[in-house]
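> The structure under discussion is supplied below as structure tokens; questions concerning it will follow.
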Amino acid sequence: MWGRPGVACSMYKRMTSRDYAVVDVEDNSEESGSGTYKSSMEAFLSSRTGGYHIILLVCVVNEPLESISSDLGFSGNTMAEGLVVSTCLGGAFIGSLFSGSLADGLGRRRAFQLGAVPMIIGALTSASTKTLAGMLLGRLLVGIGMGIGPPVASLYVTEVSPAFVRGTYGSFIQIATCLGLMAALFIGIPVREIAGWWRVCFWVSAIPAGLLALGMVFCSESPHWLYKQGRIAEAEAEFERLLGGAHVKFAMQDLSKSDRGDDMESVKFSELFSSRNFRVVFIGSTLFALQQLSGINAVFYFSTTVFKSAGVPSDLANVFVGISNLSGSLAAMVFMDKLGRKMLLLWSFFGMAVSMGIQVVGASSIWGSGALYLSVGGMLMFVFTFALGAGPVPGLLLPEIFPGRIRAKAMSLCMAVHWVLNFFVGLLFLRLLEQLGPQLLYSIFAAFCMMAVGFVKRNVMETKGKSLQEIEIALLPPE
């Protein structure tokens with residue numbers, strides 16, 4: 001199922017995903033099957049972080065915010081309520097800046113575990129606090145853990161997954177996010193009926209982070225990181241654990257083409273902007289920027305209002321949005337390694353532009369009552385097409401295109417861009433909606449989506465079925 005790198009290194013480079021499957025049938029050793037099971041479980045465990053972040057960031061706060069503000073004495077203070085939400089984003093920005101250094105210095109596994117610590121402490125602090133200051137401190141700590149987690153999750157899944165299923169495993173992150181979102185909505189249901197239930201929400205949210213820290217004890221370390229640290233024997237042992245003994249020699253040969261075991265110097269952020277690395281870092285940062293400027297967060301923020309206008313209760317609206325999100329994510333998992341990352345990105349951003357166009361039409365009064373159905377339909381289509389590509393692909397694609405030496409630092413920089421734009425879109429959306437109106441604002445989002453189509457077509461390389469070393473050689477000029 002994992003496939004075999006082949007009987008020679010040159011064969012390994014030419015093999016497609018179908019070739020892998022054929023070879024694996026011919027040599028279906030117990031070692032290889034065991035490695036497949038272990039690695040797929042590790043990839044899924046690591047990807048669950050995405051769901052935990054959504055639980056901790058949005059759902060635990062949004063539904064119970066009214067109860068929190070009343071119990072802690074800042075009810076009616078919109079500034080304080082905004083800080084409870086946005087402090088998490090500020091913490092995430094800080095955490096993302098340090099995630100690369102932690103992943104390079106401690107390893108992917110240890111960085112996972114360290115990132116879970118502030119999430120646990122922050123959740124428990126928020127659950128037990130009796131003051132606004134305590135709540136903000138808890139939210140800041142949770143945000144720092146959130147900032148550390150996603151870059152490390154993407155790194156880990158990319159580096160422990162074989163080329164032909166790397167896209168499938170990478171899609172788990174988006175699916176876990178959807179499941180986390182739906183679980184958090186379910187947990188928050190009693191908040192309006194049971195006094196103090198918001199504290200239970202925070203207590204419960206500490207559990208997944210604790211399970212993550214514990215579960216990573218039993219997972220493999222990234223062989224790429226071990227090799228870069230000069231720990232060759234340990235890298236071979238982890239490859240054997242992940243792939244089976246028959247594949248170690250060829251995996252190590254392929255790894256040696258780009259990563260150098262004696263290159264242990266710390267990577268400085270300034271190196272990300274060197275002439276050799278600037279192109280891939282620019283592609284990664286721009287993809288995350290366009291992802292946020294497409295309007296996805298604005299759609300989520302405004303979805304309840306649109307559904308209420310159509311007579312749909314907020315709980316039912318959340319279910320519809322969740323189903324659309326999950327359906328798109330499942331489709332992405334199926335097609336990621338079949339159609340490829342670039343194809344999914346192109347059709348995803350194009351579909352989002354069309355969806356925004358439908359919303360623009362729906363915002364027009366000439367359609368009467370039909371306008372509401374256009375708005376709702378356009379919104380659900382937007383969420384579906386986002387989850388199909390623009391949501392999951394950047395987090396998978398960027399670790400693939402970044403060379404091993406700068407991979408962790410480059411991911412942390414791109415995620416910092418993500419969090420900054422996430423913050424400003426959330427901060428300015430309602431004001432822009434008021435000043436510009438929905439038609440003009442949605443037209444701007446549609447324009448950004450079409451800009452993304454052009455950018456992807458011109459700059460993004462297809463990475464489907466390619467080893468990380470092949471991608472690095474294709475994208476980077478020789479030193």
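The first residue you see is number 1, and the count goes up from there.
Backbone N, Cα and C atoms are what each Cβ position is placed from, and that goes for glycine too.
On a predicted model such as this, the values are computed, not experimentally measured, just so you know.
Per TrEMBL, the features are:
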DOMAIN    39-464  domain 'Major facilitator superfamily (MFS) profile'
TRANSMEM  79-99  transmembrane segment
TRANSMEM  135-157  transmembrane segment
TRANSMEM  169-191  transmembrane segment
TRANSMEM  197-219  transmembrane segment
TRANSMEM  280-304  transmembrane segment
TRANSMEM  343-367  transmembrane segment
TRANSMEM  373-398  transmembrane segment
TRANSMEM  410-433  transmembrane segment
TRANSMEM  439-456  transmembrane segment
> Does the transmembrane segment (169-191) come near the transmembrane segment (280-304), with 3+ Cβ pairs under 8 Å (pairs 6 or more apart)?
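The answer is no, given that the two segments have fewer than 3 Cβ pairs within the 8 Å cut-off.
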> In the same chain, which residue numbers or ranges, 6 or more beyond the ends of the transmembrane segment (135-157), come under 8 angstroms Cβ to Cβ?
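For the transmembrane segment (135-157), the far contacts come to 42-43, 46-47, 49-50, 52-53, 56-57, 61, 68, 72, 83-85, 87-100, 102-103, 108-109, 111-112, 114-127, 129, 166, 169-170, 172-173, 202, 209, 222, 395-396, 398-399, 407-408, 411-412, 414-416, 419.
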> For the transmembrane segment (280-304), what are the same-chain contacts with Cβ under 8 Å, counting residues 6+ beyond its ends?
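Non-local partners: 272-273, 314, 317-318, 321, 349, 352, 356, 379, 382-383, 386, 390-391, 394, 397-398, 401-403, 406, 410-411, 413-415, 417-418, 421-422, 425-426, 429-430, 433, 441-442, 445, 448-449, 451-452, 455-456, 459-460, 475-476.
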> Six or more residues beyond either end and a Cβ under 8 Å away: which residues meet both conditions relative to the transmembrane segment (79-99)?
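Tertiary neighbours of the transmembrane segment (79-99) are 56-57, 61-62, 65, 68-69, 111, 115, 118, 132, 135-136, 139-152, 408, 411-413, 415-416, 418-420, 422-423, 426-427.
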> Sequence-remote contacts (6 or more beyond its ends) of the transmembrane segment (373-398), Cβ cut-off under 8 Å?
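Tertiary neighbours of the transmembrane segment (373-398) are 150, 153-154, 157-158, 166-167, 170-171, 173-174, 178, 284, 287-288, 290-291, 294-296, 299-300, 303, 306-307, 309-310, 312, 320-321, 324-329, 331-332, 335-336, 341, 344-349, 351-352, 354-359, 361-363, 367, 410-411, 414, 452, 460, 463.
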> Across the domain 'Major facilitator superfamily (MFS) profile' (39-464), what does the mean pLDDT come to, as a whole number?
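Residues in the domain 'Major facilitator superfamily (MFS) profile' (39-464) carry a mean pLDDT of 81 in this prediction.
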> Are there residues at least 6 beyond the ends of the transmembrane segment (439-456) whose Cβ is under 8 Å from a Cβ of it, and what are they?
286-287, 290-291, 293-295, 298, 342, 345-346, 349-350, 352-353, 356-357, 359-360, 363-364, 390, 432-433
